[in-house]
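Student: I am attaching a structure below and will ask some questions about it afterwards.
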Amino acid sequence: MSFDYINALLKKPTSRTPIWIMRQAGRYLPEYRATRAKAGDFLTLCKSPELACEVTMQPIDRFDLDAAILFSDILTIPDAMGLGLYFMEGEGPKFRNPIKNLKDIKKISTDLNNDLSYVFDGVSTIKKSLNNRVPLIGFSGSPWTLATYMIEGGGRIFASTKKMLFNDPEALHLLLMKLTKSVIAYLNQQIVSGADSVMVFDTWGGVLSEQNYLDFSLYYMAKIVKGVKAQHPNIPITLFSKNGGKYLTHIANTGCDGVGIDWTVELYQVQQEVGNKVAIQGNLDPAVLYATPEVIEREVKKVLSQFKGDTGYIFNLGHGITPDVDPENVKILVDCVHTFSKECR
């Protein structure tokens, strides 16, 4: 099968600009909320291959999207490491057993794939359900981002993580190396189970200084790229560091196929900077989806007009879609991208 999304990542010709949306299976869809209610709680939803398949397919059935993304959570790996993941309504993820010191890190196992079999069963179930309609994206969190959750136990302050970074960097590097080993095995098994491409979400890479970003985040993502490509050289891999616009040249040098960008950088500048090396994914501000259809169309045209050429670009938001967006506006977005991308070529 030839898919525009995969071809764009590999810089092969595409029939139109492909689009998928971060968190496209989510709370903004009434059918998702119904399935979530049926599951009882978020973790049960994630850990049921059948229900994960159901919610993965919902946006594919509703919109003319060019890729599906596995419905799961980036914190499946820390959960399998025994940290006791749970979710508080309105507060996000928490861990019952956060990492406090080197002793805790040394106890962590990296051989997790047996405990994550529900994810791989979900991938194969989704792949079968898709029946080659669109490609399937697998994913993981980056080691740095996973470590922040594991050390903080939740929240977005990062005081404990940065305390370890400055006071005991060797301990943090050990944790990041263990996570890297687990992520490589995790993504490779997703590919074996049917994922057509994979993505690494570095949600909190942008909170680091440049040197710390290179040492504590990108260094390990580069190892992941190498570890995935060693086993699956033809499977494209995308890296996305939120607020990482100033690091794009470094990211493009990892050997990845695509880089995700947010709305704090201009697409045309990114294309000039790294477009000769990697495909680019992004970068509409998610808040545009609160606007009128006319404004959505205007903003889509603004983004599309910045990219020159007929491949190497995937339209997406600059971050995940928000839960209170009107699904009708998502349809307008998707249809606009496909219509106007043909005009812009």
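Just so it is clear, glycine is given a Cβ too, placed from its N, Cα and C backbone atoms.
Since this is a predicted model, take the numbers as computed values, not measurements.
When I checked Swiss-Prot for this same protein, it listed these features:
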{"type": "BINDING", "residues": "R23, Q24, A25, G26, R27, D73, Y149, T203, H319", "note": "substrate binding site"}
{"type": "SITE", "residues": "D73", "note": "site 'Transition state stabilizer'"}
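Provide an account of the burial state, proximal residues and distances for the features listed.
Tutor: DSSP assigns H319 (substrate binding site) to coil in the three-state reduction, outside any helix or strand. H319 (substrate binding site) has a Cβ environment of 22 other Cβ atoms inside 10 Å.
Other Cβ atoms within 10 Å of the Cβ of D73 (site 'Transition state stabilizer'), summed over all protein chains shown, number 19. D73 (site 'Transition state stabilizer') carries neither a helix nor a strand DSSP state and counts as coil.
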Student: Taking R23, Q24, A25, G26, R27, D73, Y149, T203, H319 as the record's substrate-binding set, what's the max Cα pairwise distance in Å, rounded to a whole number?
Tutor: 23
Student: Between D73 (site 'Transition state stabilizer') and H319 (substrate binding site), what C-alpha distance do you get in Å?
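Tutor: A Cα-Cα distance of 15 Å.
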Student: So of R23, R27, which of the binding-site residues has the fewest other Cβ atoms within 10 Å around its own Cβ?
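Tutor: Looking at the binding-site residues R23, R27, the Cβ with the fewest others within 10 Å is that of R27.
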Student: Kindly assign Y149 (substrate binding site) to one of the three DSSP-derived states: helix, strand or coil.
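Tutor: Reduced to three states, the DSSP call for Y149 (substrate binding site) is helix.
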